[in-house]
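S.K.: Dropping a structure here in structure tokens format, bear with me for questions.
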Amino acid sequence: MEHTNQAVASVSASAQSESLAEIWNMQKNANYIDKNFPLFLSVFETAKIPILFVYPFLSFFFIQFIIVSIWPWNQYWESQPDQHIMKWLRTVLYFVPQPAEPTYYLIVSIVIFIINMSILIIIECQLFYYKLQRKFIIALNYPVRLYFDAVLVATITPAIIGTGETFVLLCHGNTNYMIIISFILYALSVAYESYSFFIVQNFASKSICVNVSPLLNFDPTLMIMTLLTMLICILPYFLLTIFEYWVQLISIGLHIILNLYLFYYTCANLPYVDILTMALGVGWYSGCIFGDVTLVAGTFVNSMSYKIPLYGSIAVFVGLTGPALLFFIIRIKAVKKQLDVDYIKQDEANNYYTELGLDKNQNKALCYLKIAFQNYCPSFYNWTLIIFLMEHYETETVISLCLQLLTFFPKETRLQNRLERMLSKRRTLTFQTRYLIFQIQTLKSLRQFDARLKSNSNS
């Protein structure tokens, strides 16, 4: 990895392709996000977290989110004789013992804040060390990777809920200094974790260092939308508690709508490489919707047993995962069959892809492209599908994905150069595309560096 970092630092203009040089020169002043490119390239390349270690944190997040969908702060639960079950769940899942005391909020908010600041300090130290040495301390990449793959996933929901609960206490006149400090620390943690999650998920989706993971994807939209769903539903819910009781139904209704969209997006666009993850997602969103609907019913029928929303939402989650898995297997198999064609002439291939409707629906076209790549279909490795998309779409999303997938085939320089020229014509580029370009530059410079070493050793 040291050679890689040295190569990144020593790249000269003459060693880069003309189109890539034009793109990189467009970014006159690298912002903070761009300065993180070398670090996360190093993190994704060197720090590997075992999948079996990630699954418990991911499962914990799934359960946290489902329990949120039955809104344990709703007045419905106060009318239930077995409140201790919900209090126990809130204690375990959101880390604050019930009934909550100011001291509990303070301790949890400090712990989460310290974790976040520790990672921020490690990242800043790595960036500072890179400025001096043009390399990173590899051992420090592991806590960064562990944080973003596991720890953040488990702490983001408690941080959001803690922010909401302490805000409500402040609105009701509780001016205890511990509540005030807790609210500030919770809010800062939510801001940092949300920003970091957004940036790193976009980095991961454009990484050319593929790591086997249940959340491996080339499209982070679903991940980002899940976070936004939490932010724009949970926080307003607590805000609305200071008004009339029925107003809280607005947040619950919005939660239903957004989960329906996430359900549709998963089924329509197949965002993850792992079909089990997509099946779990469909079951998860269905369970959340069931919890929302039953809580709305419980608002008007307090005699409804608590077992219906609590156990029902979990049962829907588990019960629909199997049928969803079967659906995705059949769906992907059908698409793969459509893409198992090997046209020699591009015109014939274009007519076929047009018949499939890939010229009019960008999301469908990208979905087919990813499936063709993941299953190594003839339509992908004969390049007819990529050429078709290049001729019919000029959006940065399509071009950058085609370029990313072509990067795994280093000898296919002709198409790669065409895609680079297409990007060079754009006035601005998103940081995701800039990160992809940075990786390609690094890869090219490393190959040239190795070629020079071999040449010198032979001579």
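Every residue gets a Cβ built from N, Cα and C, even glycine.
TrEMBL does not curate its annotations; it predicts them automatically.
Predicted, not measured: the structure shown is a model, and the values here were computed from it.
Feature list, courtesy of TrEMBL:
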type	residues	note
TRANSMEM	52-73	transmembrane segment
TRANSMEM	104-125	transmembrane segment
TRANSMEM	146-170	transmembrane segment
TRANSMEM	176-200	transmembrane segment
TRANSMEM	221-239	transmembrane segment
TRANSMEM	245-264	transmembrane segment
TRANSMEM	276-298	transmembrane segment
TRANSMEM	310-330	transmembrane segment
S.K.: Which of 52-73, 146-170, 176-200 shares the most C-beta pairs under 8 angstroms with the transmembrane segment (221-239)?
M.R.: 146-170
S.K.: Below 8 Å between Cβ atoms, which of the listed ranges 52-73, 104-125, 146-170, 176-200 makes the most pairs with the transmembrane segment (245-264)?
M.R.: 52-73
S.K.: What else in the chain is close to the transmembrane segment (104-125), if you only count residues 6 or more beyond its ends and a Cβ gap under 8 Å?
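M.R.: For the transmembrane segment (104-125), the far contacts come to 36, 39, 95-97, 140, 143-144, 147, 151, 155, 158-159, 162, 165-166, 178-179, 181-183, 185-186, 188-189, 192-193, 196.
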S.K.: Is the transmembrane segment (52-73) packed against any residues at least 6 beyond its ends, judged by a Cβ distance under 8 Å, and which are they?
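M.R.: Distal contacts: 86, 89-90, 93-94, 149-151, 153-154, 156-158, 161, 165, 213-215, 226, 230, 234, 237-238, 241, 248, 252, 255, 259, 280, 284, 287-292, 294-295, 309-310, 313-314, 317.
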